[in-house]
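Trainee: Per TrEMBL, the features are:
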DOMAIN    C:20-438  domain 'DUF112'
TRANSMEM  C:20-49  transmembrane segment
TRANSMEM  C:61-82  transmembrane segment
TRANSMEM  C:109-135  transmembrane segment
TRANSMEM  C:147-163  transmembrane segment
TRANSMEM  C:169-187  transmembrane segment
TRANSMEM  C:316-335  transmembrane segment
TRANSMEM  C:355-379  transmembrane segment
TRANSMEM  C:391-411  transmembrane segment
TRANSMEM  C:417-443  transmembrane segment
TRANSMEM  C:464-488  transmembrane segment
Amino acid sequence: MKHFLLASFLAGAIALPAAAADYSIMAPAAPGGGWDQTARTMQNVLQQEKISNRVQVMNVPGAGGTIGIAQFASQQKGNPNALLVGGYVMVGAILTNKSPVTLKDVTPIARLTGEYEVIVVPSSSDIKSIGDLVAKLKADPGSVSWGGGSAGGTDHIGAGLIAKAAGVDPTKINYIAFSGGGEALAAILGSQVTAGISSYGEFESQIKAGSLRLLAISSAEKIDGIDAPTLKESGLDVVLQNWRMVAAAPGITEEQKKAIATDIEKLAKSGKWQENLKTKGWMDTYLSGAAFDEQLAKDIASTETILKEIGLVK
Amino acid sequence: MSSDTNKSSSERRPDWAALVIAAVLAIVAAVIFVDVSRLTSTTGYSPVGPASVPYWIGFGLIGLAIWTVFAAFRHDFPEREHQEVSPVLWVVGGLLAQMILIRFAGFSIATGLLFGLAARGFGARKLHISIPIGIVICLAIWWLFAGVLQLSLPAGPLENLLQ
Amino acid sequence: MSTFEFLLQGLASAAEPMNLLYALIGVTLGTMVGVLPGIGPATTVALLLPVTYQLDATGSLIMFAGIYYGGMYGGSTTSILLNTPGESASIVTALEGNKMARAGRGGPALATAAIGSFVAGLIATLALAFIAPYIVKLALVFGPREYFALMVLAFVTVSSAFGNSTLRGLTSLFIGLALSLVGIDQLTGQNRLSFGVPDLLDGIEVTTMAVAMFAIGETLFIAAQGAQAPDKVEAIKGSVWMTAKDWARSWKAWLRGTVIGFPIGAMPAGGAEIGTFLSYATEKKLSKHPEEFGNGAIEGVAGPEAANNASAAGTLVPLLTLGLPTSATAAIMLAGFQQYGLQPGPLLFATNPQLVWGLIASLLIANLMLLVLNLPLVGLWVKLLTIPKPWLYAGILVFATLGTIGANPSVFELGMLLVFGLIAYVMRVFDYPIAPVIVGLILGPLAEQQLRRALSISQGDFTVLFTSPIAAVLLFIAAVALILPLVLRMRGRGDVLTQMAASED
């Protein structure tokens with residue numbers, strides 16, 4: 001009974017306004033991951049900014065989001081209150097898992113946040129620049145072991161794109177997939193692999209502490225506060241962003257889509273959202289409307305090409 | 001499930017249940033072999049590819065299947081206790097009912113039904129009492145875990161009344 | 001200020017009445033969610049983290065520490081009393097703990113788990129405070145080949161938990177290994193044994209498997225005994241508290257568990273469950289009462305529980321010193337820290353000492369709260385077992401499925417629960433041990449991935465597996481552990497060993 005009282009005391013602290021559900025956001029991942037955090041941050045901000053009275057988050061984990069998107073597309077058809085969080089990882093997962101439901105079966109609304117990929121080596125490494133790494137890669141692709149996240153994910157795609165841009169056969173890259181950011185980072189710090197590739201946030205504190213050397217970043221232009229050349233500047237034509245987006249259900253009307261897009265724009269421009277981006281270290285890469293649709297189509301096409309070239313998709 | 005193998009009846013008759021187990025192990029191994037044979041093992045620099053370990057495990061299973069066959073003929077398996085079927089069916093029925101109903105009827109009704117049917121399996125015969133009790137308990141659980149502690153438990157008609 | 005002063009300052013602020021209350025609320029909430037089979041500390045923390053946002057930095061850190069420890073301990077209570085381990089780290093606890101509870105010794109089992117957790121948490125948190133920088137250096141030396149050697153050693157030593165028949169123990173292990181193949185291959189992204197079913201792509205969840213194998217399988221098995229089985233378990237035989245003998249048998253196990261668990265938790269790819277496996281095997285080897293193992297040996301609860309808690313503190317070593325989240329729980333904690341303006345990383349101890357020591361002090365306080373909350377409740381918990389069988393087992397099923405639904409509300413997952421529950425039932429009928437299935441499911445993929453990573457880095461050169469000194473030593477110990485019993489058995493007809501092996505259920 002004591003538990004009960006404490007819990008109800010806390011229920012007051014969490015404060016759930018008792019109105020009808022305005023939005024229900026599906027995070028196609030387990031609680032705690034990036035998509036889940038995005039969904040839950042959206043939930044807080046939408047409520048705090050009074051854009052929506054009540055927002056619920058639902059987790060449907062599995063297979064890089066493909067299970068979530070399949071369920072979302074079939075169950076929420078025409079529902080103007082349903083939102084889905086997703087991201088670039090989903091693009092790759094849909095291809096490698098041969099998912100029958102794709103991003104075409106939902107209504108993408110906007111890109112919210114993003115992170116760029118960086119290439120690092122341990123500070124004790126004799127590789128001093130991205131040029132050194134490319135030279136080593138060209139001489140013997142197998143001798144460069146890349147540590148990063150799961151096979152077919154953004155990091156793997158990044159390594160493949162770099163090899164391709166350097167004129168090296170992407171199937172020849174020696175990519176070592178680790179199950180989590182932490183494990184990959186440990187292997188890089190311990191000099192178990194030659195180089196590491198992952199989003200900047202994963203390596204940030206190590207770079208600042210001087211235990212990792214930052215070679216290059218995958219953004220289109222240099223970023224304030226990050227002291228590294230872009231891959232483009234280094235002669236490798238690669239721009240890659242690991243973004244997160246929000247989509248609406250399929251089969252909604254134009255007006256309904258517009259209403260959702262307006263709400264999401266309010267969210268992305270709100271002070272609370274910006275505050276949250278800052279504390280979480282997420283970059284604001286908000287993009288909506290036709291510009292986003294175009295970027296999405298481009299990303300899907302280039303991802304499919306590179307995954308085929310790496311040999312992960314037939 | 002279990003045939004009561006009586007050791008005294010005939011020492012020479014093999015333990016049929018154990019033979020079935022051996023067959024199942026061999027079938028699992030066969031499924032592994034068939035499934036991984038389509039994998040491309042060329043990716044990567046490691047000589048141990050995605051199909052290698054499954055093959056090792058498959059061979060291990062076949063070895064164990066053969067060993068089990070010998071054990072079946074030597075009656076190495078311990079004597080089985082008598083198993084009653086009907087309580088097991090009640091419990092399985094409860095789990096099935098929950099699985100089928102959870103999407104439509106929500107957490108409380110589905111799980112309340114599981115509660116009642118499982119209790120029936122263990123000897124509580126009055127379903128008209130135990131099922132309602134189960135539903136009420138589950139509704140309280142739902143309120144606590146989904147309402148207060150933010151666990152995502154499927155809501156149905158009863159839960160929507162509470163919201 | 002010196003390290004010690006920072007810690008004292010942190011303790012002083014954590015011991016303020018309001019903060020103590022937050023710690024108590026955190027521990028209570030963490031325990032409530034943590035007791036659900038299938039919901040481990042990671043999910044518990046993820047779900048309850050938003051609750052802490054409402055408080056100031058110190059208060060939220062303390063409540064967070066409470067949730068973390070509560071979530072971890074919650075699983076032990078149900079494992080011991082109801083044989084429903086809901087997460088990989090408390091499976092070993094269930095092995096001996098539930099046997100003790102069945103024999104009317106649930107009180108001492110719960111007590112040794114709670115006190116062992118406290119002792120291990122205390123020592124490991126202090127170790128975190130004072131020797132973290134050294135431990136982390138050791139952890140970074142571990143690369144794929146060293147991990148592979150560690151997994152081989154784990155396989156060899158845990159085989160002592162395989163029961164009295166080598167054939168059936170090995171069969172169980174291989175069933176686990178076969179199931180571990182299901183899903184996307186980590187290293188090449190190809191599907192194995194998923195037969196086009198999307199729900200299988202992520203493999204078989206260890207927690208689902210544990211709930212099915214233990215909670216559902218056991219319930220079915222007891223149901224099948226029908227009226228033959230006793231209607232009630234005698235909840236208390238002898239003292240509800242630990243006797244002098246229990247203390248004497250527990251304290252060394254607590255310390256050994258701590259020593260095993262802490263460094264393994266600190267390793268980036270270690271994992272809490274491996275520490276519990278190794279601790280169980282060690283206790284069984286060293287015990288003066290090996291015949292009790294499998295029938296409720298208190299060391300078998302004390303050691304693994306201590307190892308589990310020590311490894312949780314160990315996980316914080318790479319997290320705080322390097323910013324490395326090495327487990328799901330740690331990844332969520334990282335997200336939590338960022339919320340408090342803490343950016344874990346190599347500079348953390350230098351740039352933000354107040355918060356770090358505040359966190360360590362909070363962990364100590366939360367640890368104490370856990371003991372305060374749980375010891376008085378032992379008597380009450382044990383009474384759970386006196387509930388008449390129909391209601392007790394119906395309740396167990398409700399809780400077991402509640403955890404699974406809460407973690408992933410999918411019909412498919414419930415179906416897996418039922419199928420594996422039935423398999424576990426059949427295995428029980430034929431006297432196959434259950435634990436090796438889970439061992440295979442956990443260790444199989446780890447060993448495979450590390451082996452393939454090592455060979456990939458070396459571009460196919462097998463000798464690297466033996467050329468690292470650490471890997472060579474670990475493999476040597478594994479070889480000795482494998483061969484020595486065989487030699488002994490041939491020499492002395494293995495009197496001791498057969499006796500040891502015969503004690504399993």
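Our numbering is plain: 1 for the first residue shown, then up by one each step along the chain.
Here the Cβ of each residue, glycine as well, is placed from N, Cα and C on the backbone.
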Trainee: Could you give the residue numbers and ranges of same-chain residues that sit at least 6 residues beyond the transmembrane segment (C:20-49) on either side and whose C-beta is under 8 angstroms from one of its C-beta atoms?
Mentor: 14, 55, 59-60, 62-75, 77-78, 84-89, 207-208, 210-211, 215, 312, 327-329, 331-333, 335-336, 339, 362, 365-366, 369-370, 372-374, 399-400, 402-404, 406-407
Trainee: Top stretch among C:61-82, C:169-187, C:417-443, C:464-488 for CB pairs under 8 A with the transmembrane segment (C:355-379)?
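Mentor: Highest pair count goes to C:61-82.
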Trainee: The transmembrane segment (C:109-135): which same-chain residues, six or more beyond its ends, come within Cβ distance under 8 Å?
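Mentor: Contacts with the transmembrane segment (C:109-135): 3, 7, 69, 72-73, 76-77, 80-81, 93, 96-97, 100-101, 241-242, 246, 250-251, 253-255, 257-258, 261-263, 265-266, 296, 298, 301-303, 305-314, 316-317, 320-321, 357, 360, 363-364, 367-368, 370-371, 374-375, 378, 381-382.
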Trainee: With a Cβ cut-off under 8 Å, give me the same-chain residues at least six positions beyond the ends of the transmembrane segment (C:61-82) that come close to it.
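Mentor: Result: 14, 19, 22-37, 40-41, 44-45, 48-49, 51-52, 55, 89-91, 93-94, 97-98, 100-101, 106, 109-110, 113-114, 117, 121, 215, 301, 305, 308-309, 312, 329, 333, 336, 340, 355, 358-359, 362-363, 365-367, 369-370, 374, 381-382, 384-385, 396, 399.
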Trainee: Checking distant contacts: for the transmembrane segment (C:464-488), what same-chain residues at least six beyond its ends satisfy Cβ-Cβ under 8 A?
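Mentor: Sequence-distant neighbours of the transmembrane segment (C:464-488): 141-143, 145-146, 148-150, 152-153, 155-157, 451, 454-455, 457-458, 494, 496-497.
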Trainee: Report the mean pLDDT of the predicted model across the domain 'DUF112' (C:20-438), rounded to a whole number.
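Mentor: Mean pLDDT for the domain 'DUF112' (C:20-438): 81.
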